[in-house]
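S.K.: There's a structure below that I have some questions on.
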Amino acid sequence: MLGAAVRRCSVAAAAVARASPRGLLHPTPAPGQAAAVQSLRCYSHGSHETDEEFDARWVTYFNKPDIDAWELRKGMNTLVGYDLVPEPKIIDAALRACRRLNDFASAVRILEVVKDKAGPHKEIYPYVIQELRPTLNELGISTPEELGLDKV
């Protein structure tokens, strides 16, 4: 998609340069050509995703019944790359995907990542654990603190 936009821009620029009597080095478009070039500028005016749409997209991703271990890790890696702490409902879906895959290590790692992403905001991680406690109990997942991993 980006490649097509770049090609359109370069084709438009080449058309203006060919139309110029001075060639490529000093294009001087005619008065009517400036408006044509201006309408072909390559800006990104895509729609912005709301928080609810973002959450729904990730919950849907982790709720895929045929998700495999690689997709789980890729999704978590992408999610961790964002400048945010994932909502508990996203983490819940990721933990359930771990359970479907019988991947206890990834489940604990997800909780470690959430704690790390919370950074200096010490109230975020306890809130997330409080919200996830029913899911953790249902799935039999221990927190890193319960496993003693916070002492290492």
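Every residue, even glycine, has its Cβ placed from backbone N, Cα and C.
Keep in mind that this is a model prediction, so the values were computed, not measured.
Annotations per Swiss-Prot:
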MOD_RES   LYS89  N6-acetyllysine
MOD_RES   LYS115  N6-acetyllysine
MOD_RES   THR143  phosphothreonine
MOTIF     2-22  motif 'SIFI-degron'
TRANSIT   1-43  transit peptide
S.K.: Since the record lists LYS89, LYS115 as modified residues, which of them has the fewest other Cβ atoms within 10 Å of its Cβ?
M.R.: LYS89
S.K.: To the nearest Å, how far is the Cα of LYS115 (N6-acetyllysine) from the Cα of THR143 (phosphothreonine)?
M.R.: 10
S.K.: I'm trying to understand the geometry here, so how far is the Cα atom of the residue listed as 'phosphothreonine' from the Cα atom of LYS89 (N6-acetyllysine), in Å to the nearest whole number?
M.R.: 17
S.K.: What's the number of neighbouring CB atoms sitting within 10 A of the CB on THR143 (phosphothreonine)?
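M.R.: Other Cβ atoms within 10 Å of THR143 (phosphothreonine): 18.
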S.K.: Taking DSSP as the reference, which of helix, strand or coil describes the residue listed as 'phosphothreonine'?
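M.R.: Assignment for the residue listed as 'phosphothreonine' reads coil.
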